[in-house]
Amino acid sequence: MQALRPHVYWAQRHGEIYLRVEISDAQSLSIGVEENILHFKGQGHGAKGENEYEFSLEFLKPVKPEVKHKSTQRQVNITVKKQEHVWWDRLTKQEKKPLFLAPDFDRWLDESDAEMELREKEEKMNKISIESRKVNTLFLGYSWIFVNMTVRLFILGQDSFYDTFHTIADVMYFCQMLAIMEVINPAVGLVKTGIMPAFIQVMGRNFILFVIFGTLADMQNKPVVFFVFYLWSMIEIFRYPFYMLVCIDTEWKLLTWLKYTIWIPLYPLGVLAEAVAVIQSIPIFDETKLLSIPVPKAIGTSLSFSFILQLYLVIMFLGLFINFRHLFKQRTRRFRTKKRKAN
């Protein structure tokens with residue numbers, strides 16, 4: 001994987017240089033000064049998504065080799081001390097500033113370290129408050145679905161398969177509508193994570209829920225609804241508690257392991273259940289002509305929606321491959337980092 005240059009902002013005092021590297025959830029950081037050149041290398045989510053980022057800066061005047069850095073959820077802050085307490089005209093020896101370097105971090109110039117830290121905490125808390133409310137609500141919703149379906153399964157046995165939709169659908173509708181925020185939040189920068197994996201999962205589920213189950217009364221009494229809803233909720237009752245702890249900078253190792261592991265059997269099973277639902281719906285759409293697309297008479301009367309569903313099956317398994325690879329990379333990176341820290 002080719003290393004990319006991140007966005008870097010800088011500011012100065014008479015005795016120090018401050019750099020802010022726009023990489024969130026940075027890992028495997030290597031930062032140091034050699035022969036008055038700062039070398040940075042790390043992996044995280046930056047302007048080009050999840051990647052390895054690196055850069056080198058030759059400072060305008062001599063600096064001390066000691067470098068302090070602090071990695072936060074949103075960025076990496078670097079402090080370098082000048083050899084002489086003087087004001088620099090520019091940061092590097094290059095008269096033309098590199099495109100990726102932006103000297104407009106003015107708020108740092110007039111703030112103390114304590115003020116900077118307080119402001120960062122306030123910004124972080126505002127974002128956490130919005131995200132945590134969504135996470136808490138979704139956890140409660142999916143927990144209710146999972147517990148309700150489990151209790152009904154023990155009491156009614158297989159009979160509970162046939163009225164799952166009428167019992168659970170309203171809460172599932174609410175949860176899946178709210179889950180759209182998982183696509184919107186990273187799109188507007190509230191959460192720094194990949195948009196495409198969330199888009200594939202959320203929109204794929206909503207297609208199954210609103211189009212396949214929601215529009216076809218004949219599908220709502222089929223046992224496949226139970227397995228789709230049960231697998232969805234089972235994944236989320238491990239995922240959302242993990243995010244709840246992340247919001248308060250806390251980790252429970254067992255929950256972390258479950259979050260990064262439980263998807264391995266459940267995610268493919270969930271997609272398989274969704275595929276079964278699509279396949280079962282195809283003859284119903286053919287028979288009812290529901291959602292069929294009118295076409296010119298020379299071609300035919302209409303284009304059956306079942307043709308679109310057949311294409312969707314191909315897209316569904318392509319999405320499974322993309323998300324499976326994304327989740328596997330996340331798991332590998334997470335536990336590789338933990339292993340390094342333990343050593």
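Residue numbering: from 1, along the chain as shown.
Cβ coordinates come from backbone N, Cα and C, glycine included.
TrEMBL has this to say about the protein:
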- 3-92: domain 'CS' (DOMAIN)
- 135-155: transmembrane segment (TRANSMEM)
- 171-191: transmembrane segment (TRANSMEM)
- 198-217: transmembrane segment (TRANSMEM)
- 229-248: transmembrane segment (TRANSMEM)
- 260-285: transmembrane segment (TRANSMEM)
- 305-328: transmembrane segment (TRANSMEM)
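Counted over residue pairs separated by six or more positions, the transmembrane segment (135-155) shares at least 3 Cβ pairs under 8 angstroms with the transmembrane segment (229-248), which defines the two as touching. Long-range neighbours of the transmembrane segment (171-191) within the same chain, counting only residues 6 or more positions beyond its ends whose Cβ lies under 8 Å from a Cβ of the stretch, are 127, 130-131, 134, 137-138, 141-142, 144-145, 198-199, 201-203, 205-206, 209-210, 229, 232. Ranking 198-217, 260-285, 305-328 by CB pairs under 8 A with the transmembrane segment (229-248) puts 260-285 at the top. Taking Cβ pairs closer than 8 Å, the transmembrane segment (305-328) reaches residues 194, 196-197, 200-201, 204, 207, 260, 263, 267-268, 271, 274-275, 278-279, 281-283, 285-286, 290-293 in its own chain, all 6 or more past its ends.
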